[in-house]
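Enquirer: Copied straight from TrEMBL:
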ACT_SITE  173  active site, proton donor
ACT_SITE  253  active site, nucleophile
DOMAIN    26-343  domain 'Glycoside hydrolase 35 catalytic'
DOMAIN    383-495  domain 'Beta-galactosidase 1-like first all-beta'
DOMAIN    524-582  domain 'Beta-galactosidase galactose-binding'
């Protein structure tokens, strides 16, 4: 649907936004301007909540929001662009405009953001030797094509053209990347100026070190810095001054919290430190963006990962200990920040749903290949990666046969650490154990010659930061069983999301499937159940107590990963509008390792993001 600009915004003659190098500030419409902004990621919040979150940010005293554009969210498949629904970027800009919020746009092409592959599409890896984030010809060709789609859409939303975008970031913390390729940054600067005009304020953001500021900055783009509460403000801004002697002081990412990996303690940043440092920076005349103001959720497979000493996947919740919670509720941190900004207003909460249901039937994944992989397998002597199979997210099944009798435990080894990222191994449908990238490279198998071996491989999210963002998925090297290299694979791409979105397993298709298993069994198994909400469709939080690890769908929507055993996150956020107030709500769980004997899931009235936190909220038990 076409968005009509308000009439009073179409007259652009008097509208201007620029860097005032003489007076060390921004100038908006010829007057000094300071922004106090918050980061919000439209890709992590369902579109029906955008207006609510933006209004709360405005009411907290912000005059701007900062947003990333994740390239892979809009172009999952090369040449197929999606700007509708939760991906309707222009609708988000319009809602911000209606709310009275300016926008600081960060279109990448790389964004980091703890997002899958830092926002870069995984199909770039079909060129195995591509040098990402550089002047590599294949990479720049893809970037040029994408920016020729995205940036013309953004031009009409520039403040000078009657919209609300005041500045545009080029790349993202480029100084932290190993290539340090100035030709790449020059190319992006030229590209952005071509599509957005020479007068648009382009800027860079880099970490608080000399090396990062040196490699990430370039003439013609205003250099800003980012830092959190553990830094001396004067020292950090003096570093920015060495690279930008004149102009406004800008902290483009002032960290209100931090991210969580599976197995971490839930990150928390002290509220008083955040509000005190924010006040100090604002009183210096600095423009500040708080990262994050609301974090949101890594729905589906969109979480990123880090790889320093080992691969560490980011959890489903991106709550970030931010001023607005994952579910958009105000926290003490928001109230303290609001007081610092000296705006007073009232905010309201909805009460979530509370209930308990039992997942009643289960279907083992290896019996469902006709539904989940209707096109059948690809045969290959050696394993193929996700990228070679044109499947970028989720799961693939690798199937072969035991080459000889194995009466005693025989090691199955991934000698080159080639399992990316977790492999669930079964023999003749019986779960044997798992291999995990960087941590579990060997397990034992027994069986008879010719027994069917199934290896279900899970992509846990591509690395989004550092030098290892060329993060291929699947079995990237051979598996060795005793003295044998396993060969002659059948490789099944699995479209689990497509099957569930079309109504499986609750739909009539299941009549043609094998009889469901009663009760829990080990290994990858689907469970299903229904929730009736008694006329209400409010936010709620799903807790899978004593379940191990897997994925959850509600009414065909992929909520993301759960892994309570490793933690810290114990609950998954369910936005109320996903639920039907009148019809049974279909819940599908893919448990990858072991479900509890009770197979119950709980709907709770508050999140539990730290496995070591105290008592959980009470639930109203009701069997269905």
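From the backbone N, Cα and C atoms, a Cβ is placed for every residue, glycine too.
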Enquirer: How big is the Cα-to-Cα gap, in Å, between residue 253 (active site, nucleophile) and the residue listed as 'active site, proton donor'?
Expert: 10
Enquirer: DSSP helix, strand and coil counts for the domain 'Beta-galactosidase galactose-binding' (524-582)?
Expert: 3 helix, 26 strand, 30 coil
Enquirer: Can you name the residues of this chain that are 6 or more positions from residue 173 (active site, proton donor) yet have a C-beta less than 8 Å from its C-beta?
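Expert: Listed in sequence order, they are 112, 205, 206, 207, 212, 216, 226.
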Enquirer: How many other Cβ atoms sit within 10 Å of the Cβ of the residue listed as 'active site, nucleophile'?
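Expert: Excluding its own Cβ, the number within 10 Å is 23.
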Enquirer: Count up the helix, strand and coil residues in the domain 'Beta-galactosidase 1-like first all-beta' (383-495) according to DSSP, in that order.
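Expert: With helix first, then strand, then coil, the domain 'Beta-galactosidase 1-like first all-beta' (383-495) has 0 helix, 57 strand, 56 coil.
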Enquirer: Could you pull the average pLDDT for the domain 'Beta-galactosidase 1-like first all-beta' (383-495)?
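Expert: Here the predicted model's pLDDT, averaged over the domain 'Beta-galactosidase 1-like first all-beta' (383-495), is 97.
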